[in-house]
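As annotated by Swiss-Prot, region 'Disordered' applies to 401-422. Under the heading signal peptide, Swiss-Prot lists 1-17, citing sequence analysis as support. Marked as topological domain 'Extracellular' by Swiss-Prot: 18-70, 128-143, 206-236, 314-326. Taken from Swiss-Prot, the feature topological domain 'Cytoplasmic' covers 92-106, 167-184, 258-292, 348-422, and the record attributes it to a curator's inference. Among the features that Swiss-Prot reports, transmembrane segment is placed at 71-91, 107-127, 144-166, 185-205, 237-257, 293-313, 327-347.
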């Protein structure tokens, strides 16, 4: 049932008496909405439990009205949006246009790029617009849809990073076993999206749009979590489960997988006779590969740890909202969408070769087929490619030492574990 305005004012005054003075001064707009004639308008359509939930959320900070702060945030988030879209769209374009890059591993890379594009388009702008306008302008339906899209894209990104790590682990640790087929890759990606949807639905369902009269001419809205009773425990354990599924578990799997891969690559011996120059080149490549693996783990851990801990502490009521901290942590987490294309593609020599080939095709007319030189194929494709044609295998063997050709083995030091080409 609806609560009489007199009782609301009485309860509000009781809550104010228990709050610290600075908390009230941080919420001038909300205080105005909850006093006097505005109170009856604000709570006309809400129950007593709605009022309790809303008052509980008043402790979690207010919006900054500083134009300089808003301008800086717009510039900072625009930087992420531009670079993330450019990098991830280009990754998808290069992989789709090049038949040689169509593999299960490439599907995972594309899925990661799609998830990062979703984060860029559906997470960053909603957060920024809500802060700049100090109100929710997207309507009741988008209050639920945006929350679902935000969490779903984050789960897809984390799960895809985990799938890539597991795939690389299988390739390096068991090089003679068949690679994951494209069909299985599609199935794994479908499972990732189903899991992400399942994990994201509670966040989408437990959202509510609160509307209040800010002034005589302005009505503002807030899209807030609205959990069933006991709301505090529900919120706390939901965020705890999200923290484990979205951060701790993927980080553990990625760390273990890449640690084993790095150890395998570092300890493996070169097959056949090699010169000192070749040995030093292979050693440098080992170091570069291990550094890339460490970079993947460190960036994932550093980018997402602050925001996840902040949200978990907030839902546990251990801290109050601090806008400066929130947007610093949020920006840092969102910036991972710019790093992923760089780590998984730009640092990979094969991807750069394919990108240059694609750009050269766009710049000048292509030569007749008989005049083209065959593209170099990495030596490790001989052992791992499922459907190797005779010509490609012969070309690959041309680059291998004679001892390797006779043994049919592959030198693990020549493998790039985060390669997008299979």
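Using the three backbone atoms N, Cα and C, a Cβ is placed for every residue, glycine included.
Describe the structural context of each listed feature in the structure shown, including burial, neighbouring residues and relevant distances.
Model confidence over the topological domain 'Cytoplasmic' (92-106) is summarised by a mean pLDDT of 83.
Across the topological domain 'Extracellular' (206-236), DSSP helix (H, G, I), strand (E, B) and coil residues number 6 helix, 14 strand, 11 coil.
Taking H, G and I as helix, E and B as strand and the rest as coil, DSSP gives the topological domain 'Extracellular' (314-326) the counts 6 helix, 0 strand, 7 coil.
Residues 109-110, 113-114, 116-117, 119-121, 124-125, 128, 131-132, 327, 331, 334-335, 337-338, 340-342, 344-346, 355, 420 of the same chain lie 6 or more positions beyond the ends of the transmembrane segment (71-91) yet place their CB under 8 Å from a CB of it.
For the transmembrane segment (144-166), the residues of the chain that approach it from at least six positions outside its boundaries are 105, 108-109, 111-112, 114-116, 118-119, 122-123, 126, 138, 188-189, 192-193, 195-197, 199-201, 203-205, 207, 223, 242, 245-247, 249-250, 253-254, 257-258, 296, 300, 304, 336-337, 340, 344, 418, judged by C-beta separation under 8 angstroms.
When Cβ-Cβ distances below 8 Å are used as the criterion, the transmembrane segment (293-313) is approached by residues 158, 161, 165, 239-240, 242-243, 246-247, 250-251, 254-255, 258, 261-262, 319, 325-326, 328-330, 332-333, 335-336, 339, 343, 417-418 of the same chain, each at least six residues removed from its ends.
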